[in-house]
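Trainee: Dumping the structure here so I can ask a few things about it.
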């Protein structure tokens, strides 16, 4: 019987893992009940027999044993569970239940991934959120880890805080006295953020669609708002009620019109909120930051919400229907600390921004700022209290360029050793950072003298112009004089109004004369003329009127354009040689074809006629192949000539030492090039008493210097091709 009971119990346990129909499940339940009854009755019989045998064998005890006192049943919420021995998983969270009088604080644990909560898409609907909320509730894990945090707290809960780019992060929010304390975890002893509620205004923004949340926006004068997401309307009203009670304990004045009860307010009109967007100023770059201990919200989200001000609160809050409850207490305004201030509107040039930094062969985006002649790299704009790297800039050298894949890259070198590799997002950003770094490193290098080998001419001009203007602004803003401010060779080192766009032109006698030379066609400011002694040396050596300042000004892109021009010239020479050899071969083939035709006519009717005809066919096939090769060669040569013409046209601007091939009728001949350099606005400004030649339009000079013929080059090329094909068909 006992063996049958054991086997039956094992069989029922096996059935628990199988799929059963409703009828079989009912039969299984009946068998289980019978088996339990049999086991219970069998157990009582065995126990009675054992007690009787023990009573017969043992002597009588001196006294009756005390009956066992059953342990009192304790509810699961009577005491805190023990701390886990192993470390908590990475995605472990604790969600606090709102604290009520006479109740112990509770929390909800969940192990969902934090990345899912930080997603900016917010695509979970209300039903999914309700399903996730059904989790086991129990007390805080330990008394020393959590009870001190919520001791004397008016309300506490885990709320979502909006970060920049619309991401959300979970914080433990506790209101004690008149302060809002935010903890990253319930085990932290120090709050991550502390916000005094005095002088703040709070706005409740209800959920208007399934993709948004119930939000509480707490705004303090002079700082960006703190946006917290609550789970429901009831929870928002509870927080508003507690905050109102906290206001009553503040020392500041309370405006009765600014604190209506939550129950009397109706939903906010969305159109009315969007109507008053102009009263809210978005953040400088559309991103969040941390100022004065208050985490700012995203710039895009900030533009969609109305920012309540003190003047509006007194006159319009009572008229606006909805859940918007503005509470302003006191006039205290806390100024942001200098450590947390990233940029100021009073600065001419912002010395901070995001850059890509090359670290361990990987590019990472970092928030970079220049302070006290140091380049400080932060992991994020919101984390300014800690930094990753601090690089002293004095004595460093700024070198633009890294490779062709990263054209907007610049490097910092100290004693020839690479200190940092940075990449900007645009040419303006690159020029701004180069100007800032040149000014902070104490370098007297002109931004135009640097080599920009991986960007084109137009982008190089933009980078140089922005770098020079930034360099001037930084030097003008500096309080103390630097060694590179007094250099006369670098006009952009003088913090004057003229230096923003033009150089201070040094004269022969050593005095400075603010003479505005004409700007070039591409908008790049023109450098001044060097002393006459240096000019004579340049004219004697090169035969072209070009000053040293000019050569230094337009040195950007020189290596790249020179290499392109040389490559095109060598390719043109190679194609011309191939064309000449092909022409000679075609002439030889035509002569052989003519001789073969004459030989066929002479040997008509003979045995050698067939061999001669086969040879003539092979010769004609070769002639066709050579002719097709000549046509493709002509097209390639035309393309190379056009590219070379463009490169040489840019050579005038860049001051290249490349001369066109002799014997060509190109408008870039040495004589024309000499005349263009003398008359163009790129040439040096004459500082002598005699008036120099007036600057003329370079484009007009190029247009007038084109060879005037009855037909255009394109038309002549087509006529030449037609004539060649007619001659070929005729032969």
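Each residue, glycine too, has its Cβ placed from N, Cα and C.
So Swiss-Prot says this about it:
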COILED    558-649  coiled coil
COMPBIAS  59-84  compositional bias 'Pro residues'
DOMAIN    348-442  domain 'PH 2'
MOD_RES   1  N-acetylmethionine
MOD_RES   283  phosphoserine
MOD_RES   284  phosphoserine
MOD_RES   549  phosphoserine
MOD_RES   665  phosphoserine
MOD_RES   666  phosphoserine
MOD_RES   669  phosphoserine
MOD_RES   676  phosphothreonine
MOD_RES   680  phosphoserine
MOD_RES   688  phosphoserine
Trainee: Tell me whether residue 1 (N-acetylmethionine) sits in a helix, a strand or coil according to DSSP.
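Mentor: DSSP call for residue 1 (N-acetylmethionine): coil, neither helix nor strand.
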Trainee: What are the DSSP helix/strand/coil residue counts across the domain 'PH 2' (348-442)?
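Mentor: Output for the domain 'PH 2' (348-442) reads 15 helix, 46 strand, 34 coil.
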Trainee: Can you give me the average pLDDT across the domain 'PH 2' (348-442), rounded to a whole number?
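Mentor: Here the mean pLDDT over the domain 'PH 2' (348-442) amounts to 88.
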